[in-house]
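Colleague: Sharing a structure with you now.
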Amino acid sequence: MNPQAKLIFATSLTLGTAITISSNHWIMAWAGLEINTLAILPLISKSHHPRAIEAATKYFLVQATASTLLLFSSMVNAWSTGQWDITQMTNPTSCAILTAAIAMKLGLVPFHFWFPEVLQGSPLTTGLLLSTALKFPPITLLYMTCHSLNTTLLTAMAILSVAMGGWMGLNQTQIRKILAFSSISHLGWMAIIIIYSPKLTLLNFYLYSLMTAAVFLTFHSIKTLKLSTLMTSWTKTPTLNATLLLTLLSLAGLPPLTGFLPKWLIIQELTKQSMAPAAAAISMLSLLGLFFYLRLAYCATITLPPHTTNHMKQWHTNKPIPSLIAALMTTSIMLLPISPMLSTLT
């Protein structure tokens, strides 16, 4: 793709995100989301492969539907209250429609079916944007309207998201689909706590973005898209694959790694809010996700010959780990000791 075109699309993504997260008016927030949608479509379809075109079409249709619902909910609320302010969402019908619209934007269950398909048809770098940067504006809208959302509906969607994200990722062999179901599962953890502790949701999102960026960029660096090719990548970059093991375990939420911190704080907060059954449910359901993270880690580092893969082993390269990936992996693994400071910030 032309570098000037890439610059325009990157600028548009930044602008759309900035407009949405800084706006108080629903029309401005909707405009920012639309700019984001239009800017990411060429990045999804830039390979001109039929799968990429299909992914871009699905993404456009889903996001257009979600934006329509969001605009409709804000219009119903303005009709009944005379307010276009994002924080003044008081009409019950508007709140229910808004919850569905944001869930569709994020890919929460039961509006999750588009996300694995779109991610599978996108390049890894675009998949990283779809999993992190493009989820920030809807999370911000959820943060600003959390006081008026339906608690029961959001909790049910969150628990179902953790369950479906873990369950549907079990039999996948494509890495991008595994990471898509991982994203759905993590969104469930964020959605369940948004009403009780919105800042904890943001902390979870920031740490999830760090860990996901490290994993995506590592797979992009070793040019791996399937589990079968991941099995032979350890011969090429053994150091990078060893740190990938720790990053995947951190993404699974195992102590003493960074990913354990948000899960620990969320379970603690849910228990304080007399929601121990919900905390126990999502804790048990997250074990499903742990299985496919362990399978990824096994394929990346523990698989040794002889094995049944037909792929030729790659040459060992002595290139150092890129500094960005090294920094992301370090933060993805070693932030737990400063958790008291992070918890005071939230």
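Each position is counted from 1, following the chain as shown.
Just so you know, glycine gets a Cβ as well, placed from its N, Cα and C.
Keep in mind that TrEMBL annotations are predicted by a computer and have not been checked by a curator.
TrEMBL feature annotations, pasted as is:
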- 23-288: domain 'NADH:quinone oxidoreductase/Mrp antiporter transmembrane' (DOMAIN)
- 56-76: transmembrane segment (TRANSMEM)
- 96-115: transmembrane segment (TRANSMEM)
- 151-171: transmembrane segment (TRANSMEM)
- 178-197: transmembrane segment (TRANSMEM)
- 203-222: transmembrane segment (TRANSMEM)
- 243-266: transmembrane segment (TRANSMEM)
- 278-300: transmembrane segment (TRANSMEM)
- 290-342: domain 'NADH dehydrogenase subunit 2 C-terminal' (DOMAIN)
- 321-342: transmembrane segment (TRANSMEM)
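Any idea what these are sitting next to in the structure?
Modeller: Under 8 Å from some Cβ of the transmembrane segment (96-115) lie the Cβ atoms of residues 33, 58-59, 62-63, 65-67, 69-70, 72-74, 76, 89, 130, 135, 138-139, 141-142, 145, 149-150, 153-154, 157-158, 160-161, 163-165, 180, 183-184, 187-188, 191, all in the same chain and six or more residues away from its ends.
Long-range Cβ contacts of the transmembrane segment (151-171) within its own chain (Cβ-Cβ under 8 Å, at least 6 residues beyond either end) map to 96, 99, 103, 108-110, 112, 116, 177-178, 181-192, 194-195, 275, 278, 281-282, 285-289, 291-292.
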Colleague: Return the average pLDDT for the domain 'NADH dehydrogenase subunit 2 C-terminal' (290-342) as a whole number.
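Modeller: So the average pLDDT across the domain 'NADH dehydrogenase subunit 2 C-terminal' (290-342) works out to 76.
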Colleague: Using a Cβ distance cut-off of under 8 Å, indicate which of 178-197, 203-222, 243-266, 278-300 has the most pairs with the transmembrane segment (321-342).
Modeller: 243-266
Colleague: As a test: from 56-76, 178-197, 203-222, pick the stretch that has the greatest number of Cβ pairs under 8 Å with the transmembrane segment (243-266).
Modeller: 203-222
